[in-house]
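Data first, discussion second: the structure below is written as structure tokens.
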Amino acid sequence: NMEKDNYTVLTEFFMVGLSNYPTLQMLLYVLCPLMYLVILLGNSILIIISILDPCLHNPMYFFLGNLSFLDICYTSSTIPQMLVSFTSERKSITFIGCALQLVISLGLGSTECLLLAVMAFDRYVAICNPLRYTIIMNKRLCVQMAAWTWTLGFSVALTQSVLVLILPFCENIIDHLLCEIPALLKLVCVDISLNVFIMIIASIILLITPLLFIFFSYVFIISTILRIKSTEGRQKAFSTCSAHLTVVILFYGSALFMYMKPKSKDTKLFDELFGLSYWVITPMLNPIIYSLRNKEVKEGVKKVFIRNLYLRTM
């Protein structure tokens, strides 16, 4: 540890999350690579079929491809470093490495919040205004909306990260699995009121506002679906939204529980394990949910991969 009055610029941090549980660390060291492979495979398949299958060249799958790419990047920015930390004796990460992980992981998480709101708008237009869907959700608008989610997400993340990283740190031991703002703020020597205030504003912009937008979108969507007279029509309309709604509940439910519940020393182990499930399991389940609950994705997988296998055997 550094002395409280020593404001020397740090060159590295030490990640000691779960250090008191070596057996648990080894179990996670075995499980996390397997889940990471599932994440890479599942999300890569969704991206490939959304590009190669002409039937999936529509706004819904364009945004889904963005979501899959985002999940791949997010887990790639966290899992490899975490695995190295599990097996390393020093458990260190350079200051630059920690800064990059902080900006990238926070930026990708923030972007996903906004992207899920954009996907809710897409479903709202598709269900509530189907005759004008292709006019409203044109290619230009979709690209602009996707670009703005990435730009805004990373702008807010970069602002928050820089305002933390320029502060003087009294210690360089992070009692956490990843470089995150709450964990780093515990090491700061000076008043952090401004940083806490900015975190609250960022949470309103990136978490609460998109969640409210999604909620009201689905109020209108469900209201429209219930007015459809035929049972088959209602089922078809709901099936186009069910996968997205499931992902929203999984993502926002985990995020709200993780970041808004009261913290205490008694629940520290649970918090770290739940955080791990939030960082790994949610990106792993996203492609599975879309594959199981969406006939178009199943058909796309069959057409793209079975056709390629057939051509290779010819």
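Here, residue 1 is simply the first one shown, and the rest follow in order.
The backbone N, Cα and C atoms fix where each Cβ goes, and this holds for glycine too.
Feature annotations, reproduced from TrEMBL:
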TRANSMEM  26-49  transmembrane segment
DOMAIN    42-290  domain 'G-protein coupled receptors family 1 profile'
TRANSMEM  61-79  transmembrane segment
TRANSMEM  99-121  transmembrane segment
TRANSMEM  141-167  transmembrane segment
TRANSMEM  196-221  transmembrane segment
TRANSMEM  242-261  transmembrane segment
TRANSMEM  273-292  transmembrane segment
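Beyond the ends of the transmembrane segment (196-221), by six or more residues, the same chain brings 110, 113-114, 116-117, 120-121, 123-124, 127-128, 153, 156, 159-160, 163, 181, 185, 241, 245, 248, 252, 255-256, 259 to within a C-beta distance below 8 angstroms of the stretch.
Of the ranges 26-49, 99-121, 273-292, the one with the most Cβ pairs under 8 Å to the transmembrane segment (141-167) is 99-121. Residues 18, 56, 64-65, 68-69, 71-72, 75, 79, 82-83, 86-87, 276, 280-281, 283-284, 286-288, 290-291, 297, 300-301, 303-305 of the same chain sit 6 or more residues outside the transmembrane segment (26-49) yet have a Cβ under 8 Å from a Cβ within it.
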